[in-house]
Amino acid sequence: MIAFMLLGALALVGAVITITARNAVHAALGLVGTLLSVAGLFASLSASFLAAIQVIVYAGAILVLFLFVIMLLNANQPITGRDPVPFVRELAGIGGVILAGALAIIAFSYRDPRPLAEGAGALRGGTAVAVGETLLTRFLLPFEAVSILLLVAIVGSVALVKRPVPQPDGLTDAEGVALPTESPERTAPEGGVRA
Amino acid sequence: MPDWLAALLITLLKGVLVALALLTTFAYMTLIERRLLARMQIRHGPNRVGPGGLLQPLADAVKSIFKEDLRVTMADKLVYTMAPIVAIGMALTAFGGIPAGPPGSLFGEDPWVYNLDAGILALLALTSMGVYGIFLGGWASGSKYPILGGLRSSAQMISYELGMGLSILGLLMLVGSTAFVNIVEWQAQSGWMLLFQSLGFALFLVSSFAEVNRTPFDLPEAEQELVAGYLTEYSAIKWALFQMAEYVNMITASAIMATLFFGGYRGPVFLEGLIPGISGWPIIWLVVKIAFFLFLFIWVRATLPRFRYDQLMRFGWKLLLPLALANTMMTAAYLAFARGLGLWPLALLSLLGLLALFAMSDRVRVLWNRPTGRPHTDDALPTRPLGGD
């Protein structure tokens with residue numbers, strides 16, 4: 001209970017830092033704090049698999065990418081001057097209210113995929129059996145849909161990053177694409193690092 | 001004294017002991033590394049302070065503590081100070097989850113500091129947080145070379161984390177649990193995991209080198225290109241903390257490899273005939289195996305040159321990741337269709353995969369295949385640069 005209060009407070013502090021910090025890197029670090037506190041909450045509820053995944057995926061990968069982009073684009077300058085979009089605060093307020101409403105509906109209409117006690121029992125001992133079983137039986141379709149969604153996102157980002165290949169004379173575009181004339185590193189995600 | 005207080009105190013004591021042991025090991029690792037490197041390069045190395053240079057770490061420690069702590073004008077003060085602390089904190093925390101003996105074998109206590117059910121997953125999570133130390137240190141220094149080093153390190157560590165996580169999936173499927181104790185006991189029953197997952201081990205070893213930023217993956221601090229990368233603006237004790245984090249990460253990586261693939265805290269069973277119960281002794285076997293891997297780290301440092309950045313990325317994404325996936329698929333197929341045959345077909349398949357890798361590597365291929373230069377005709381297929389992966 002003490003751990004829960006402490007971690008909950010930490011998560012809130014991190015969230016407040018995230019939206020109030022002037023410096024984008026500090027905001028991202030606040031978000032890291034929130035995510036880690038949520039992972040701690042999971043761990044204190046003895047859902048250690050979920051906690052580990054939370055840290056690996058969110059704090060360890062996604063936020064690092066966030067920071068990477070912030071530093072690469074040098075977007076960590078403090079925001080000054082007027083907002084380029086008028087009414088942005090009002091719009092954000094409306095969006096926030098809608099989001100809170102949606103979360104409330106989810107929270108009150110939530111039904112466990114399995115009884116909570118059974119699920120917690122199955123998660124003990126470090127196995128991910130319960131998670132895997134539920135994902136691949138009951139939620140198979142959404143699970144696969146998400147993987148297709150991710151694949152589409154990856155293909156889309158590669159297509160966006162790809163620069164037009166200068167074609168040698170006498171080759172049509174179609175032939176040029178078929179030949180791997182461009183060095184593959186160009187399109188790989190690390191292409192921007194050396195820039 | 002109530003029970004929970006006693007348990008808390010014992011856990012605290014174990015934590016402090018582990019931290020002290022790790023830091024002492026770090027201090028002497030620097031000496032051992034310098035002496036071994038010197039030996040491999042046919043020179044003497046530090047041998048003046050104390051007998052055989054044994055007091056050198058002490059002198060280094062005194063120096064780095066009393067050296068002036070430089071303040072960098074352009075630095076982001078808070079993050080600049082926190083970065084080394086995050087790095088060393090995560091490194092020390094990660095090690096505490098590794099079991100050094102069977103449950104209850106350390107004077108009736110469990111020989112680990114904490115035991116999360118998620119085991120190896122939790123450890124991977126903690127080590128993946130270590131990137132923040134390097135990354136933020138590079139950014140907070142407020143100068144060009146450190147930020148380049150920080151960017152490099154984050155790209156590198158994210159890339160190789162994938163290969164690392166995927167390469168142990170086969171192992172986890174075989175054992176059916178992520179807890180370290182279960183993995184070690186499975187190996188005590190069936191033999192070292194190295195036998196059945198040799199390909200997975202090779203991939204894990206390479207990714208571990210990349211994760212702890214050791215040669216040939218030490219691009220974040222490539223001194224010829226980046227001065228010292230993320231370390232450039234750090235001095236005195238903060239610099240020493242980063243060094244500590246690197247070595248503690250090395251020790252943790254060694255311990256993970258020993259635990260996952262080399263039977264962990266269990267010693268060889270044939271010694272049981274001489275001294276009964278010796279294979280169950282806590283700590284000693286793990287230390288022996290860690291020492292072996294630490295030597296390997298130093299040996300590789302003395303042997304291999306650093307990767308170029310494009311080689312690093314190509315290696316990680318185009319070789320390591322697909323191979324780790326293939327290894328996972330192979331193990332999954334085996335578990336689904338050929339479980340009744342025993343474990344040896346899997347061992348054979350893994351070994352074949354590893355041998356094929358060796359045979360296809362650039363070091364071996366040139367023995368029968370003359371290296372080709374880049375052809376001058378425009379429409380030729382691009383060839384890879386010579387050397388490298």
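Keep in mind that glycine also has a Cβ here, set from the backbone N, Cα and C atoms.
Note that TrEMBL annotation is computational and uncurated.
For B:6-31 (among others), the entry in TrEMBL reads transmembrane segment.
Cβ atoms under 8 Å from those of the transmembrane segment (B:78-98) belong to residues 14-15, 18-19, 22, 72, 112-116, 119, 122-123, 126-127, 129-130, 132-134, 136-137, 139-141, 180, 233-234, 238-239, 241-242, 244-245, 248-249, 251-252, 255-256, 259, 286 of the same chain, restricted to positions at least 6 beyond its ends. TrEMBL lists B:78-98 (among others) with the feature transmembrane segment.
TrEMBL lists B:118-141 (among others) with the feature transmembrane segment.
Here TrEMBL flags B:162-184 (among others) as transmembrane segment.
Beyond the ends of the transmembrane segment (B:190-210), by six or more residues, the same chain brings 156-157, 159-161, 163-164, 166-168, 170-171, 174, 183, 216-217, 253, 256-257, 260-263, 297, 300, 312, 316, 320, 323-324, 327, 331, 343, 346-347, 350-351, 353-354, 357 to within a C-beta distance below 8 angstroms of the stretch. Taken from TrEMBL, the feature transmembrane segment covers B:190-210 (among others).
Residues annotated as transmembrane segment in TrEMBL: B:247-266 (among others).
As annotated by TrEMBL, transmembrane segment applies to B:278-299 (among others).
The transmembrane segment annotation in TrEMBL covers B:319-337 (among others).
Residues annotated as transmembrane segment in TrEMBL: B:343-360 (among others).
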- Query: With pairs closer than 6 in sequence left out, are the transmembrane segment (B:319-337) and the transmembrane segment (B:247-266) joined by 3 or more CB pairs under 8 Å?
  - Reply: no
- Message: Ranking B:6-31, B:118-141, B:278-299, B:319-337, B:343-360 by the number of C-beta pairs under 8 Å to the transmembrane segment (B:162-184), which range is first?
- Response: B:319-337
